[in-house]
Amino acid sequence: MDKEERKTINQGQEDEMEIYGYNLSRWKIAIVSLGVICTGGFLLLLLYWMPEWRVKATCIRAAIKDCEVVLLRTTDEFRVWFCAKIRLLSLETHPFLSPKSTANKVSNGHAVHLIENPAEENRHELSKYPQTQLQQIRYFTHHSVKYFWNDTIHNFDFLKKLLYGVNEITVKVPSVFKLLIKEVLNPFYIFQLFSVILWCTDEYYYYALAIVIMSIVSIVSSLYSIRKQYVMLHDMVAAHSTVRVSVCRVNEEIEEIFSTDLVPGDIMVIPLNGTIMPCDAVLINGTCIVNESMLTGESVPVTKTNLPNPSVDIKGMGDELYNPETHKRHTLFCGTTVIQTRFYTGELVKAVVVRTGFSTSKGQLVRSILYPKPTDFKLYRDAYLFLLCLVAVAGIGFVYTIINSILNEVEVGVIIIESLDIITITVPPALPAAMTAGIVYAQRRLKKIGIFCISPQRINICGQLNLVCFDKTGTLTEDGLDLWGIQRVENAQFLLPEENVCNAMLVKSQFVACMATCHSLTKIGGVLSGDPLDLKMFEAIGWILEEATEEETALHNRIMPTVVRPPKQLLPESIPTGNQEMELFELPAVYEIGIVRQFPFSSALQRMSVVARVLGDKKMDAYMKGAPEIIASLCKPETVPVDFEKVLEDFTKQGFRVIALAHRKLESKLTWHKVQNISRDTIENNMDFMGLIIMQNKLKQETPAVLEDLHKANIRTVMVTGDNMLTAVSVARDCGMILPQDKVIIAEALPPKDGKVAKINWHYADSLTQCSNSSAINSEAIPIKLVHESLEDLQVTRYHFAMNGKSFSVILEHFQDLVPKLMLHGTVYARMAPDQKTQLVEALQNVDYFVGMCGDGANDCGALKRAHGGISLSELEASVASPFTSKTPSISCVPNLIREGRAALITSFCVFKFMALYSIIQYFSVTLLYSILSNLGDFQFLFIDLAIILVVVFTMSLNPAWKELVAQRPPSGLISGALLFSVLSQIIICIGFQSLGFFWVKQQPWYEMWHPHSDACNTTRSLRWNSSHPYNETELDEHNIQNYENTTVFFISSFQYLIVAIAFSKGKPFRQPCYKNYFFVVSVIILYVFVLFIMLHPVASIDQVLQIVCVPYQWRVTMLIIVLVNAFVSITVENFFLDMVLWKVVFNRDKQGEYRFGTTQPPQASVDRWGKCCLSWALRCRKKIPKAKYMYLAQELLVDPEWPPKPQTTTEAKALVKENGSCQIITIT
């Protein structure tokens, strides 16, 4: 039954979930209600925290088709549970469902090619439901998306074609009360409430009040930040959520409606002066210039053209289905701004609505912000394990207290309070506030250096980053491109490169005409704007662009062209001689070129083209520009120079961005109207190759230094770009990502074709040396693996893989076994689409890398969200999706963030260790005193908890980050050898010295059971001291606080808290030394002096408040010696033994299999070997297989003779019938 009743929704998508059906059970609800009453409401809280338990405790399994409640579980690694209630939708009351209402929304004209008649769709969809069930349809809502029951697939689904709902992206700002309830019901706050109630019954009011105040401050600040984020998101979304729009109805009637009433299939009229799109729509008429910065981070205006008409472009287009991603050049996305439109006379600019509400691209972005994936970090998982250990320790104390109290015939009420009190001592209620302090301080320091954070928990994760992906353009290199020069072609031969394009000799050449016309520039508010590359190209020739006004367009029967012309000073007065065509110069007085038709740049085609006509010319010209390899393939072979590939390779190797130009004369029979309907393929072929434009993309000044810092810190760097492969490799060499002596292996993967299996061709790129004159290293040389005696001195072979987006997709699909190997050494990923960047980040995470992503916001949104630490260098709205945003567009923020992350992570460890020790020290103090039916006094507790613990915790977190990145990385979790050894050793030391004091005081000759008239010091002092306490006798009889054991334990434990605080407050290599943390130093000195003073020189009033008894001066000195020896042992074990032996052993193990860059400091072999000999019996850390997959893989590849692949070989994927569906890899030389 389990298999039958488990379904999957959103299959193959990021939010894929398993779904189970349940029905409410009355008898189960009755039992749970009884349990809630018996547990005082605690069971209700437990069920609130655990949705799975809640559903299983109150419901019984049922068929999904008929269930009342659904239980959902994500299929990712987090396996998060959700539950949702099934609701019913009445068809009669739904405004969008009657065929009559939808008939009014029928599209006409071009839309019929794009989307079916909605009325027919409704009839088709409704036919899936039996007539008896037509009145109501079952659905549930999860993460703002409605899922409706579909009888055809017997599962819940988005029935987008049937039920659309209101076109609105609603971000409801929860009320303060709702947020408060949700925040207060956090398990930690419930535990604090329990502790406060318990302390109040025990008359321990002061600390209870302190915890209440801390909790209130924490809750208020948390509520403020959460509500502020909701309000910001609501304002961002709601600003343009409801606007009035014009839609076309039957018989070309225009009706004005609210955007919330739009449904897919409506034809929307785009106004002339532009608008903010309230939905996703595809253009079917006219052209729009759109600013898409809200979604892509790219503030450059994009030209959108109408969708090709399938009735005209018969060539395979009729069968092609519309896809928003494939046809994004024709799609106007929700939230983007239409700046202006261009249109034909008598025809409006129209677009068909394709997606509404949360289904739109903007809706999906908002959903990803509202419902982010949980961040899985070992520290937080280990923290819960550690708390469970403390709970187990508390359990032992709980049982011990009960047994001890019963044996000593203590009252039942006292037994209950004292046994529960031991739990609140062991699991400190102040722990959440203490853990948050370090992150808050780190966030404040990041803000000072211009890095803003919207997800503070990720700061700790950034401390673990060991690989950072960088976008190239605008991140590693300058944002714009500079024109380096041109290299024209005449008679199928390259001329010499020319730097100056703006001169009279070239003004009427076809080459300059192509540069002047083949672009997507437009004037917005009188300012030329568009793609930066096009802008640089157009500015280089110095021409003038003029666009037709609306009035001029309306006067003519056809679209008025954009006109470009050179400045008058460049035009020669007489006709120049040369190889130029005479007909161009028939009208020497005026030389203008009109752009008749534009085919915009397509990343899939890697080219753009235009049809233009010189004023007065009879024939039109076609100009094309794009990727050199593509342009050359579309030109007549006889016009392409023989040395084309060599010249292109020379430029790309030097890091230049190269664009090729081509031209051809069109037939005179082509009229303006015919050109408007002609297909792209008809124009873009049989061209004449004209030459190359060479653009220079300069490295940012700080790039090489930052990458060198990362390499020294053993942090891998990877380039992910949309640019050309060879250009990317060249930039990687220039910036130091690939060293001069390193080999680059290009993986060219080809998908299965014509019955042949997928294959990878391996090519070794030439290595460029620093000197440009020296000859290139032999490309056939194979990297040599360096052999070492042991893995700790391992130097991984220097080779890098480079591949483009297409190859990456083929490898992901057909070579799953090779993906981890390629991830280990892949350095350059070129021509990567936005979704491929996200897939790359996921692939790197799958081999256990902690991945950072740094991008300028353009096309990097998905990868920035998916990475462990995403840093956006753009302050546009797209940065809302990124956890970190840098105010300065420089990659220098990356090492700063990692340094602060490491400091915050180490601070978290320090605080956690300190709080654990505080709990155990106080737990042991109380346990020792319980054995003699005593306890610490209220003010003793208060002094320890408030004056020592809170002051120390909030000041020890203030250590700033160390000034540079080091090669070591902090451990990722609390459950690691070094940290456990540190905590356990300090626990043993503290327990040992506390026990020593407790039992030794009983051996003193002056010791007796203390009573108000005890004379351990001297009679006079004792009498004087006791005379001031005439009322204490009854209190002492009741609580037995004042005794010699209590005083001894109090003094020793007070010093122990300060000793472990100093021992754990480490500086280098991740934080500044603790002596630079002035608040901490001053606080600790004041506390030391105060405790030392009241111990060596008793003050009656203080002794009275703290309920300390008088002990001989000799015993005070003895206690001081115990404390000094304790301090010496604790600090020696923590800072010398642990750091010099165990810490380095653990770090050295962590570095096995690490990809090392540059020169690293030689390991201290002697120390490591000694440490290994001493500790191998306890930790066996040398024998262990590395935990991280990439480390284990690196060790495996060292002994693999077939890796790296040899030059000029091919790897084929041969599909075999295997259970696991893997492929056999066959290498063919």
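Any Cβ shown, glycine's included, is placed from N, Cα and C.
Predicted automatically and left uncurated, TrEMBL annotations should be read as such.
What TrEMBL lists as domain 'P5B-type ATPase N-terminal' is 13-150. Look at TrEMBL and you will find 245-369 tagged as domain 'P-type ATPase A'. What TrEMBL records for 27-49, 205-226, 383-403, 423-442, 909-933, 939-962, 974-1001, 1047-1065, 1077-1097, 1117-1142 is transmembrane segment.
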Candidate ranges 383-403, 939-962, 974-1001, 1117-1142 - greatest C-beta contact count to the transmembrane segment (205-226) (under 8 angstroms): 939-962
Averaged pLDDT, computed only over the residues in the domain 'P5B-type ATPase N-terminal' (13-150): 70
Number of helical, extended and coil residues in the domain 'P-type ATPase A' (245-369), per DSSP: 29 helix, 43 strand, 53 coil
Annotated stretches the transmembrane segment (1077-1097) and the transmembrane segment (939-962) touching (3 or more Cβ pairs under 8 Å): yes
Contact between the transmembrane segment (974-1001) and the transmembrane segment (423-442) (at least 3 Cβ pairs under 8 Å, separation 6+): no
Same-chain residue ranges lying at least 6 outside the transmembrane segment (1047-1065) that approach it to Cβ under 8 Å: 910, 913-914, 917-918, 921-922, 925, 928-929, 936, 940, 943-944, 948-949, 952, 956, 959, 982, 986, 990, 993-994, 997-998, 1001, 1074, 1077, 1080, 1084, 1087-1088, 1091, 1095, 1106, 1108-1109, 1111, 1115, 1119, 1122-1123, 1126-1127, 1130-1131, 1134-1135
For the transmembrane segment (1117-1142), distant same-chain residues with Cβ under 8 A (at least six beyond the ends): 977-978, 981-982, 985-986, 989-990, 993, 996-997, 1000, 1048, 1051-1052, 1055-1056, 1059-1060, 1062-1064, 1066, 1092, 1095-1096, 1167, 1170-1171, 1174-1175, 1179
Same-chain residue ranges lying at least 6 outside the transmembrane segment (909-933) that approach it to Cβ under 8 Å: 383, 386, 390, 393-394, 397, 400-401, 404-405, 408, 410, 418, 421-422, 425-428, 430-431, 434-435, 437-438, 944, 949, 952-953, 956-957, 970-971, 974, 979, 982-983, 986-987, 990-991, 994-995, 998, 1040, 1043, 1045-1046, 1049-1050, 1053, 1056-1057, 1060-1061, 1064-1066
